[in-house]
Amino acid sequence: MSYDKDHVRGLLALVVTAVLWSTGGLLIKSLPLTPMTIAGTRSAIAAVVMLLWIRRPKPIWTPAQIGSIAAYTATVILFVTATKLTTAANAILLQYTAPIWVALLSVAITRERLTRIDVAAVATVVVGMGVFFLDRVSPGHMLGNVIAVASGVAFALVALCMRAQRGVSTTESILFGNVLSALVCLPFAEPFPLHTDVVVNLLLLGVVQLGISYLLYAWAMAHVSALEAVLVTVLEPLLNPIWVAVMLHEAPSPIAIAGGIIVIGGVLTRNILQARRRPPGYAS
């Protein structure tokens, strides 16, 4: 792949995307609102941003697109809930197990065979997840850990369904996923005071962290390789806990750090090895 201007811009856009995604934990933790209020408001704002960009979405309502929308909605709600219940580090690192669930679900749904790389990665991540659950935490934190794992499974379903959307813009699926998330969550949202910090954080979550970031990601993926995408986007689970630790003084436990290192190591190694086998520009 030649390093032309679009390629360099694609890499920069991917870095910005990962950094924007990584602010999710800090912004969610900073809001004194319920998970459904945060998830619904964030998705409603993001949907408006994406609609302004896409302008005239053309849904085709195939089973794959409907599955993408439903799985995305579940991912958004579960991740916000997990972040509110457990530490930001646990929430993002356990969601980061998604590629392993993709491998396992591919066996069940599409009858794909697990490679040796997949088997080794699954075993490694299972060990890492086990380490997380060895940590002695409150029942609420433990529930948050379980929900974080569920968000990883839901995110894996997003990836599988989007992979099946041949020739269809996945950006539109994200748009409709945000619309559905808002419709599901907002009826359960609680009234909240329009304080400046609350409004600013919600706008940052919807406009920047979710809306603009996905538009940047969609553009960047057309100009970078799968390997570059794998390496750059790992910034999100690394930076997410750092922002929370620095700004809110919520530090993960030593056991959680150990589990996170194992999970990231297993997933990243698998993704790198898989990406090297793909043609340039393929990053799904």
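Glycine is treated like the rest: Cβ placed from N, Cα and C.
Annotated features in TrEMBL:
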- 9-132: domain 'EamA' (DOMAIN)
- 12-31: transmembrane segment (TRANSMEM)
- 37-54: transmembrane segment (TRANSMEM)
- 66-85: transmembrane segment (TRANSMEM)
- 91-110: transmembrane segment (TRANSMEM)
- 117-134: transmembrane segment (TRANSMEM)
- 140-162: transmembrane segment (TRANSMEM)
- 143-268: domain 'EamA' (DOMAIN)
- 174-192: transmembrane segment (TRANSMEM)
- 198-217: transmembrane segment (TRANSMEM)
- 229-249: transmembrane segment (TRANSMEM)
- 255-273: transmembrane segment (TRANSMEM)
### Message
Could you check whether the transmembrane segment (66-85) and the transmembrane segment (140-162) come into contact, where contact means at least 3 Cβ pairs under 8 Å with the two residues of each pair 6 or more apart in sequence?
### Response
yes
### Query
How about the transmembrane segment (174-192) and the transmembrane segment (37-54): at least 3 CB pairs under 8 Å, pairs 6 or more apart in sequence, or not?
yes
#### Entry: Intrachain residues whose Cβ lies under 8 Å of the transmembrane segment (91-110), provided they are six or more past its termini
24-25, 79, 82-83, 118, 121-122, 125, 128-129, 132, 144-145, 148-149, 151-153, 155-157, 159-160, 236-237, 240-241, 256, 259-260, 263-264, 266-267, 270-271
### Task
Six or more residues out from either end of the transmembrane segment (140-162), which same-chain residues have a Cβ under 8 Å from its Cβ atoms?
64-65, 67-68, 71-72, 74-75, 78-79, 81-87, 90-102, 105-106, 109-110, 129, 132-133, 170, 173, 284
### Leading contact stretch, 37-54, 117-134, 229-249, 255-273 vs the transmembrane segment (12-31) - CB distance under 8 Å
229-249
### Message
Return the average pLDDT for the domain 'EamA' (143-268) as a whole number.
### Response
91
